[in-house]
Amino acid sequence: MPHSLFSTDTDLTAENLLRLPAEFGCPVWVYDAQIIRRQIAALKQFDVVRFAQKACSNIHILRLMREQGVKVDSVSLGEIERALAAGYNPQTHPDDIVFTADVIDQATLERVSELQIPVNAGSVDMLDQLGQVSPGHRVWLRVNPGFGHGHSQKTNTGGENSKHGIWYTDLPAALDVIQRHHLQLVGIHMHIGSGVDYAHLEQVCGAMVRQVIEFGQDLQAISAGGGLSVPYQQGEEAVDTEHYYGLWNAAREQIARHLGHPVKLEIEPGRFLVAQSGVLITQVRSVKQMGSRHFVLVDAGFNDLMRPAMYGSYHHISALAADGRSLEHAPTVETVVAGPLCESGDVFTQQEGGNVETRALPEVKAGDYLVLHDTGAYGASMSSNYNSRPLLPEVLFDNGQARLIRRRQTIEELLALELL
(Lines of atoms letter the chains of each structure in order from A; the text may use other names.)
(Lines give C-alpha, C1' and ligand atoms only; values in the text may rest on other atoms or scores of the structure.)
Protein backbone atom coordinates (compact mmCIF):
# COMPACT_ATOMS: atom_id res chain seq x y z
CA MET A 1 0.00 0.00 0.00
CA PRO A 2 1.39 3.46 -0.82
CA HIS A 3 3.23 4.77 2.23
CA SER A 4 3.76 8.37 3.26
CA LEU A 5 7.14 9.80 2.34
CA PHE A 6 7.06 11.56 5.70
CA SER A 7 6.88 8.31 7.65
CA THR A 8 10.16 7.05 9.10
CA ASP A 9 9.37 3.31 9.09
CA THR A 10 11.24 2.85 5.78
CA ASP A 11 14.24 4.46 4.09
CA LEU A 12 11.98 5.77 1.31
CA THR A 13 11.48 9.14 2.98
CA ALA A 14 11.17 12.56 1.39
CA GLU A 15 14.47 13.61 2.94
CA ASN A 16 16.34 10.58 1.60
CA LEU A 17 14.77 10.72 -1.85
CA LEU A 18 15.34 14.44 -2.38
CA ARG A 19 19.11 14.06 -2.05
CA LEU A 20 19.40 11.33 -4.69
CA PRO A 21 18.92 13.32 -7.95
CA ALA A 22 21.96 15.48 -7.19
CA GLU A 23 24.13 12.36 -6.81
CA PHE A 24 22.63 9.96 -9.35
CA GLY A 25 20.66 12.17 -11.74
CA CYS A 26 17.00 11.86 -12.64
CA PRO A 27 14.93 9.80 -13.26
CA VAL A 28 16.17 7.13 -10.84
CA TRP A 29 14.84 3.86 -9.42
CA VAL A 30 15.12 3.46 -5.65
CA TYR A 31 14.62 0.35 -3.48
CA ASP A 32 14.53 -0.38 0.26
CA ALA A 33 16.16 -3.70 1.25
CA GLN A 34 14.34 -3.87 4.58
CA ILE A 35 10.94 -3.95 2.85
CA ILE A 36 12.09 -6.90 0.74
CA ARG A 37 13.26 -8.77 3.86
CA ARG A 38 9.92 -8.06 5.53
CA GLN A 39 8.01 -9.51 2.59
CA ILE A 40 10.19 -12.62 2.51
CA ALA A 41 9.54 -13.18 6.22
CA ALA A 42 5.78 -13.10 5.60
CA LEU A 43 6.11 -16.31 3.54
CA LYS A 44 8.37 -18.23 5.95
CA GLN A 45 5.84 -21.06 6.39
CA PHE A 46 6.33 -22.28 2.83
CA ASP A 47 9.04 -24.93 2.43
CA VAL A 48 10.58 -23.08 -0.51
CA VAL A 49 10.19 -19.44 -1.52
CA ARG A 50 11.35 -19.08 -5.13
CA PHE A 51 11.64 -15.52 -6.46
CA ALA A 52 10.21 -14.88 -9.92
CA GLN A 53 13.13 -12.69 -10.91
CA LYS A 54 11.38 -11.29 -13.99
CA ALA A 55 9.76 -8.88 -11.50
CA CYS A 56 13.11 -7.30 -10.59
CA SER A 57 16.20 -8.99 -11.98
CA ASN A 58 19.04 -6.75 -10.76
CA ILE A 59 21.80 -9.06 -9.52
CA HIS A 60 22.16 -7.08 -6.27
CA ILE A 61 18.48 -7.73 -5.51
CA LEU A 62 19.06 -11.40 -6.38
CA ARG A 63 22.01 -11.52 -3.96
CA LEU A 64 19.78 -10.10 -1.24
CA MET A 65 17.25 -12.84 -1.99
CA ARG A 66 19.92 -15.55 -1.86
CA GLU A 67 21.23 -14.25 1.47
CA GLN A 68 17.69 -14.61 2.85
CA GLY A 69 17.44 -18.24 1.72
CA VAL A 70 15.20 -17.50 -1.26
CA LYS A 71 15.68 -19.64 -4.38
CA VAL A 72 15.14 -18.28 -7.88
CA ASP A 73 13.06 -18.90 -10.99
CA SER A 74 14.54 -18.01 -14.38
CA VAL A 75 12.55 -17.66 -17.61
CA SER A 76 15.39 -17.04 -20.09
CA LEU A 77 19.07 -17.75 -20.62
CA GLY A 78 19.79 -14.19 -19.52
CA GLU A 79 17.98 -14.76 -16.24
CA ILE A 80 19.93 -17.99 -15.68
CA GLU A 81 23.17 -16.05 -16.12
CA ARG A 82 21.92 -13.33 -13.76
CA ALA A 83 21.20 -15.94 -11.09
CA LEU A 84 24.67 -17.44 -11.51
CA ALA A 85 26.25 -13.97 -11.28
CA ALA A 86 24.33 -13.40 -8.04
CA GLY A 87 25.88 -16.52 -6.50
CA TYR A 88 23.23 -19.17 -7.06
CA ASN A 89 25.02 -22.47 -7.70
CA PRO A 90 23.13 -25.40 -9.24
CA GLN A 91 26.21 -27.61 -8.90
CA THR A 92 26.28 -27.42 -5.08
CA HIS A 93 22.57 -26.68 -4.61
CA PRO A 94 20.67 -28.44 -7.43
CA ASP A 95 17.36 -26.73 -6.62
CA ASP A 96 18.75 -23.17 -6.45
CA ILE A 97 17.51 -22.33 -9.96
CA VAL A 98 14.50 -23.61 -11.88
CA PHE A 99 14.04 -22.69 -15.54
CA THR A 100 10.37 -22.07 -16.38
CA ALA A 101 9.08 -21.55 -19.91
CA ASP A 102 6.70 -22.78 -22.59
CA VAL A 103 9.44 -23.01 -25.22
CA ILE A 104 13.19 -23.55 -25.00
CA ASP A 105 15.68 -22.27 -27.58
CA GLN A 106 18.86 -24.12 -28.50
CA ALA A 107 21.27 -21.98 -26.47
CA THR A 108 19.14 -22.25 -23.33
CA LEU A 109 18.67 -25.98 -23.87
CA GLU A 110 22.44 -26.45 -23.97
CA ARG A 111 22.96 -24.38 -20.81
CA VAL A 112 20.30 -26.08 -18.66
CA SER A 113 21.64 -29.44 -19.83
CA GLU A 114 25.22 -28.46 -18.98
CA LEU A 115 24.30 -27.18 -15.51
CA GLN A 116 21.54 -29.75 -14.91
CA ILE A 117 19.11 -26.99 -13.94
CA PRO A 118 15.61 -28.39 -13.31
CA VAL A 119 13.15 -27.38 -16.03
CA ASN A 120 9.52 -26.42 -15.42
CA ALA A 121 8.02 -27.33 -18.79
CA GLY A 122 4.97 -25.58 -20.20
CA SER A 123 4.68 -27.64 -23.38
CA VAL A 124 5.03 -31.27 -24.45
CA ASP A 125 7.37 -30.27 -27.30
CA MET A 126 9.68 -28.60 -24.79
CA LEU A 127 9.80 -31.79 -22.72
CA ASP A 128 10.68 -33.83 -25.79
CA GLN A 129 13.41 -31.42 -26.91
CA LEU A 130 14.93 -31.52 -23.41
CA GLY A 131 14.71 -35.30 -23.19
CA GLN A 132 16.52 -35.79 -26.51
CA VAL A 133 19.48 -33.70 -25.33
CA SER A 134 19.46 -34.55 -21.61
CA PRO A 135 17.84 -37.91 -20.80
CA GLY A 136 17.06 -38.30 -17.10
CA HIS A 137 16.81 -34.53 -16.57
CA ARG A 138 14.80 -33.32 -13.57
CA VAL A 139 11.53 -31.69 -14.63
CA TRP A 140 8.43 -30.00 -13.31
CA LEU A 141 5.18 -29.83 -15.25
CA ARG A 142 3.49 -26.47 -15.50
CA VAL A 143 -0.19 -27.34 -15.82
CA ASN A 144 -2.94 -25.15 -17.26
CA PRO A 145 -6.07 -26.40 -15.43
CA GLY A 146 -8.48 -24.81 -17.91
CA PHE A 147 -9.25 -21.61 -16.01
CA GLY A 148 -7.35 -18.49 -15.06
CA HIS A 149 -7.19 -15.25 -13.14
CA GLY A 150 -5.36 -11.91 -13.41
CA HIS A 151 -5.65 -8.16 -12.84
CA SER A 152 -5.62 -7.72 -16.63
CA GLN A 153 -6.31 -9.97 -19.61
CA LYS A 154 -2.63 -9.49 -20.41
CA THR A 155 -1.62 -11.04 -17.07
CA ASN A 156 -4.06 -13.96 -17.07
CA THR A 157 -1.94 -17.11 -16.81
CA GLY A 158 -4.58 -19.84 -17.20
CA GLY A 159 -7.52 -20.89 -19.34
CA GLU A 160 -7.83 -21.35 -23.08
CA ASN A 161 -6.80 -17.77 -23.91
CA SER A 162 -3.46 -18.20 -22.12
CA LYS A 163 -0.37 -19.60 -23.83
CA HIS A 164 1.02 -20.83 -20.51
CA GLY A 165 1.29 -24.40 -19.34
CA ILE A 166 0.44 -27.88 -20.55
CA TRP A 167 -3.32 -28.19 -21.05
CA TYR A 168 -4.58 -30.55 -18.38
CA THR A 169 -5.93 -33.09 -20.88
CA ASP A 170 -2.46 -33.30 -22.49
CA LEU A 171 -0.82 -34.65 -19.32
CA PRO A 172 -0.90 -38.26 -20.61
CA ALA A 173 1.14 -37.12 -23.63
CA ALA A 174 3.57 -35.37 -21.28
CA LEU A 175 3.90 -38.57 -19.26
CA ASP A 176 4.70 -40.54 -22.42
CA VAL A 177 7.60 -38.17 -23.14
CA ILE A 178 8.80 -38.32 -19.53
CA GLN A 179 8.88 -42.11 -19.61
CA ARG A 180 10.44 -42.30 -23.07
CA HIS A 181 13.38 -40.10 -22.04
CA HIS A 182 13.53 -41.35 -18.43
CA LEU A 183 13.02 -37.80 -17.16
CA GLN A 184 12.76 -37.41 -13.38
CA LEU A 185 9.46 -35.82 -12.40
CA VAL A 186 9.94 -33.47 -9.43
CA GLY A 187 6.53 -31.88 -9.17
CA ILE A 188 3.54 -30.09 -10.60
CA HIS A 189 3.40 -26.31 -10.86
CA MET A 190 0.18 -24.34 -11.25
CA HIS A 191 0.56 -20.59 -11.67
CA ILE A 192 -2.88 -19.00 -11.68
CA GLY A 193 -2.64 -16.25 -9.09
CA SER A 194 -5.67 -15.35 -7.03
CA GLY A 195 -4.61 -12.33 -4.98
CA VAL A 196 -7.21 -11.80 -2.28
CA ASP A 197 -9.89 -13.84 -4.10
CA TYR A 198 -9.78 -16.75 -1.67
CA ALA A 199 -12.77 -18.52 -3.23
CA HIS A 200 -10.81 -18.64 -6.48
CA LEU A 201 -7.73 -19.79 -4.59
CA GLU A 202 -9.71 -22.71 -3.15
CA GLN A 203 -10.65 -23.61 -6.73
CA VAL A 204 -6.98 -23.56 -7.73
CA CYS A 205 -5.96 -25.70 -4.74
CA GLY A 206 -8.73 -28.17 -5.54
CA ALA A 207 -7.56 -28.34 -9.15
CA MET A 208 -4.02 -29.11 -7.99
CA VAL A 209 -5.24 -32.00 -5.82
CA ARG A 210 -7.35 -33.40 -8.67
CA GLN A 211 -4.54 -33.13 -11.20
CA VAL A 212 -2.08 -34.95 -8.94
CA ILE A 213 -4.55 -37.75 -8.19
CA GLU A 214 -5.64 -38.15 -11.81
CA PHE A 215 -2.06 -37.99 -13.08
CA GLY A 216 -1.21 -41.01 -10.96
CA GLN A 217 2.52 -40.33 -10.64
CA ASP A 218 4.74 -39.90 -7.61
CA LEU A 219 5.90 -36.35 -6.82
CA GLN A 220 8.40 -34.73 -4.49
CA ALA A 221 6.79 -31.28 -4.49
CA ILE A 222 4.01 -29.01 -5.67
CA SER A 223 4.33 -25.33 -6.54
CA ALA A 224 1.63 -22.76 -5.85
CA GLY A 225 3.16 -20.49 -8.48
CA GLY A 226 2.94 -16.75 -7.98
CA GLY A 227 0.26 -14.13 -8.29
CA LEU A 228 0.22 -12.89 -4.69
CA SER A 229 -1.15 -9.37 -4.98
CA VAL A 230 -0.08 -6.17 -3.28
CA PRO A 231 -2.37 -3.19 -2.63
CA TYR A 232 -1.38 -0.46 -5.09
CA GLN A 233 -4.19 1.89 -4.00
CA GLN A 234 -5.30 3.17 -0.62
CA GLY A 235 -8.08 0.96 0.71
CA GLU A 236 -7.16 -2.13 -1.29
CA GLU A 237 -6.96 -5.33 0.71
CA ALA A 238 -3.56 -6.85 1.44
CA VAL A 239 -3.25 -10.59 0.92
CA ASP A 240 -3.56 -12.63 4.13
CA THR A 241 -0.44 -14.78 3.84
CA GLU A 242 -1.48 -17.02 6.77
CA HIS A 243 -4.78 -17.81 5.06
CA TYR A 244 -3.07 -18.17 1.68
CA TYR A 245 -0.63 -20.67 3.16
CA GLY A 246 -3.39 -22.48 5.03
CA LEU A 247 -5.35 -23.20 1.85
CA TRP A 248 -2.27 -24.43 0.01
CA ASN A 249 -1.06 -26.46 2.98
CA ALA A 250 -4.43 -28.23 3.16
CA ALA A 251 -4.01 -29.16 -0.51
CA ARG A 252 -0.44 -30.31 0.12
CA GLU A 253 -1.59 -32.51 3.03
CA GLN A 254 -4.27 -34.13 0.86
CA ILE A 255 -1.66 -34.89 -1.78
CA ALA A 256 0.81 -36.23 0.81
CA ARG A 257 -1.85 -38.57 2.19
CA HIS A 258 -2.63 -39.78 -1.31
CA LEU A 259 1.04 -40.37 -2.16
CA GLY A 260 1.92 -41.79 1.24
CA HIS A 261 4.89 -39.51 1.98
CA PRO A 262 5.66 -35.83 2.72
CA VAL A 263 5.50 -33.38 -0.18
CA LYS A 264 7.31 -30.03 -0.33
CA LEU A 265 5.27 -26.88 -0.91
CA GLU A 266 6.88 -24.15 -3.01
CA ILE A 267 5.63 -20.65 -3.76
CA GLU A 268 6.94 -18.41 -6.54
CA PRO A 269 6.30 -14.75 -5.68
CA GLY A 270 7.53 -11.86 -7.78
CA ARG A 271 5.66 -8.61 -7.16
CA PHE A 272 4.80 -9.61 -3.57
CA LEU A 273 8.48 -9.53 -2.60
CA VAL A 274 9.59 -6.37 -4.38
CA ALA A 275 6.73 -4.12 -5.57
CA GLN A 276 6.39 -2.11 -2.36
CA SER A 277 10.16 -1.82 -1.96
CA GLY A 278 10.62 0.48 -4.95
CA VAL A 279 9.83 3.99 -6.15
CA LEU A 280 10.64 5.94 -9.30
CA ILE A 281 11.80 9.53 -8.81
CA THR A 282 11.14 11.72 -11.83
CA GLN A 283 11.57 15.47 -12.30
CA VAL A 284 8.88 17.86 -13.49
CA ARG A 285 10.08 19.49 -16.72
CA SER A 286 6.95 21.33 -17.84
CA VAL A 287 3.51 22.31 -16.56
CA LYS A 288 0.85 23.35 -19.06
CA GLN A 289 -2.86 23.71 -19.59
CA MET A 290 -4.46 21.83 -22.50
CA GLY A 291 -7.99 23.22 -22.63
CA SER A 292 -9.62 22.03 -19.42
CA ARG A 293 -6.81 19.57 -18.66
CA HIS A 294 -3.88 20.39 -16.37
CA PHE A 295 -0.77 18.52 -17.53
CA VAL A 296 2.45 17.89 -15.63
CA LEU A 297 5.21 16.54 -17.89
CA VAL A 298 8.08 14.64 -16.30
CA ASP A 299 11.40 13.22 -17.51
CA ALA A 300 10.42 9.54 -17.11
CA GLY A 301 8.40 7.80 -19.80
CA PHE A 302 6.74 4.48 -20.44
CA ASN A 303 10.09 3.25 -21.70
CA ASP A 304 11.03 3.41 -18.00
CA LEU A 305 7.76 2.42 -16.29
CA MET A 306 5.62 0.44 -18.74
CA ARG A 307 2.81 -0.79 -16.48
CA PRO A 308 0.38 2.17 -16.75
CA ALA A 309 0.57 2.24 -20.57
CA MET A 310 0.58 -1.54 -21.00
CA TYR A 311 -1.99 -2.59 -18.40
CA GLY A 312 -3.64 0.63 -17.22
CA SER A 313 -1.99 -0.06 -13.86
CA TYR A 314 -2.32 2.39 -11.00
CA HIS A 315 0.71 3.79 -9.19
CA HIS A 316 0.23 6.29 -6.39
CA ILE A 317 2.02 9.59 -7.07
CA SER A 318 3.52 11.96 -4.49
CA ALA A 319 4.95 15.42 -5.12
CA LEU A 320 8.15 16.80 -3.57
CA ALA A 321 9.21 20.42 -3.95
CA ALA A 322 12.78 21.04 -5.05
CA ASP A 323 13.02 24.34 -3.15
CA GLY A 324 11.98 23.02 0.26
CA ARG A 325 8.43 24.37 0.29
CA SER A 326 5.89 22.05 1.89
CA LEU A 327 3.42 20.32 -0.42
CA GLU A 328 2.12 17.77 2.09
CA HIS A 329 -1.06 19.73 2.87
CA ALA A 330 -1.14 22.04 -0.15
CA PRO A 331 -4.35 22.48 -2.22
CA THR A 332 -4.63 19.96 -5.03
CA VAL A 333 -5.27 20.24 -8.76
CA GLU A 334 -6.76 17.52 -10.97
CA THR A 335 -3.66 16.59 -12.95
CA VAL A 336 -2.67 14.43 -15.91
CA VAL A 337 0.89 13.14 -15.47
CA ALA A 338 2.70 12.34 -18.73
CA GLY A 339 6.22 11.65 -19.92
CA PRO A 340 8.60 12.96 -22.59
CA LEU A 341 8.15 10.31 -25.29
CA CYS A 342 6.96 11.08 -28.80
CA GLU A 343 3.93 8.89 -28.12
CA SER A 344 0.38 9.88 -27.13
CA GLY A 345 0.12 6.88 -24.81
CA ASP A 346 3.02 8.10 -22.65
CA VAL A 347 0.72 8.90 -19.73
CA PHE A 348 1.10 7.61 -16.16
CA THR A 349 -2.49 8.44 -15.21
CA GLN A 350 -4.53 6.21 -17.50
CA GLN A 351 -6.92 3.30 -17.24
CA GLU A 352 -6.73 -0.01 -19.09
CA GLY A 353 -7.64 0.71 -22.69
CA GLY A 354 -5.80 4.04 -22.69
CA ASN A 355 -8.45 6.35 -21.23
CA VAL A 356 -6.64 9.31 -19.69
CA GLU A 357 -7.63 10.18 -16.13
CA THR A 358 -6.50 12.76 -13.60
CA ARG A 359 -5.04 12.64 -10.09
CA ALA A 360 -5.52 15.17 -7.34
CA LEU A 361 -1.95 16.43 -6.88
CA PRO A 362 -0.43 19.53 -5.31
CA GLU A 363 0.37 22.28 -7.78
CA VAL A 364 3.98 21.78 -8.86
CA LYS A 365 6.38 23.66 -11.08
CA ALA A 366 9.29 22.76 -13.33
CA GLY A 367 12.18 21.45 -11.24
CA ASP A 368 10.00 19.77 -8.60
CA TYR A 369 9.82 16.00 -8.32
CA LEU A 370 7.11 13.38 -8.56
CA VAL A 371 7.54 10.00 -6.87
CA LEU A 372 5.73 7.01 -8.38
CA HIS A 373 5.16 4.47 -5.63
CA ASP A 374 5.29 0.65 -5.58
CA THR A 375 7.39 0.36 -8.72
CA GLY A 376 9.78 -2.30 -7.42
CA ALA A 377 8.13 -5.01 -9.53
CA TYR A 378 7.98 -4.87 -13.33
CA GLY A 379 9.52 -1.42 -13.32
CA ALA A 380 13.22 -1.47 -14.20
CA SER A 381 12.97 -5.06 -15.45
CA MET A 382 10.44 -4.05 -18.14
CA SER A 383 12.30 -0.91 -19.23
CA SER A 384 13.32 -0.39 -22.84
CA ASN A 385 15.39 1.94 -25.01
CA TYR A 386 12.33 3.24 -26.88
CA ASN A 387 12.95 6.70 -28.37
CA SER A 388 16.68 5.84 -27.94
CA ARG A 389 16.56 6.66 -24.25
CA PRO A 390 19.20 5.11 -21.95
CA LEU A 391 18.23 2.80 -19.08
CA LEU A 392 18.02 4.46 -15.67
CA PRO A 393 20.26 3.96 -12.64
CA GLU A 394 19.08 1.88 -9.68
CA VAL A 395 19.84 2.71 -6.04
CA LEU A 396 19.39 0.42 -3.04
CA PHE A 397 18.90 1.66 0.52
CA ASP A 398 19.95 -0.72 3.29
CA ASN A 399 19.81 0.44 6.90
CA GLY A 400 19.85 4.07 5.86
CA GLN A 401 22.76 3.80 3.42
CA ALA A 402 22.19 4.31 -0.30
CA ARG A 403 24.37 2.58 -2.89
CA LEU A 404 24.28 2.44 -6.66
CA ILE A 405 23.37 -1.06 -7.92
CA ARG A 406 23.12 -0.14 -11.62
CA ARG A 407 24.66 2.92 -13.23
CA ARG A 408 22.87 4.94 -15.87
CA GLN A 409 23.36 3.60 -19.38
CA THR A 410 25.24 5.97 -21.68
CA ILE A 411 24.29 7.01 -25.20
CA GLU A 412 27.58 5.47 -26.36
CA GLU A 413 26.55 2.10 -24.87
CA LEU A 414 23.15 2.41 -26.49
CA LEU A 415 24.78 2.86 -29.92
CA ALA A 416 27.63 0.37 -29.43
CA LEU A 417 25.92 -2.69 -30.94
CA GLU A 418 25.27 -0.82 -34.19
CA LEU A 419 28.78 0.59 -34.67
CA LEU A 420 30.00 -2.33 -36.79
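Every residue, even glycine, has its Cβ placed from backbone N, Cα and C.
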Listed residues Lys44, Lys54, with the one flagged N6-(pyridoxal phosphate)lysine by Swiss-Prot: Lys54
Record-annotated pyridoxal 5'-phosphate site (Swiss-Prot): member among Tyr31, Tyr88, Tyr378, Tyr386 besides Gly227, Glu268, Pro269, Gly270, Arg271: Tyr378
Gly227 (pyridoxal 5'-phosphate binding site), number of other Cβ atoms within 10 Å: 27
Fewest Cβ neighbours within 10 Å, where candidates are the binding-site residues Tyr311, Tyr378: Tyr311
Residue with minimal Cβ packing [other Cβ atoms within 10 Å] among the binding-site residues His191, Arg307: Arg307
C-beta crowding around Cys342 (active site, proton donor), within 10 angstroms: 8
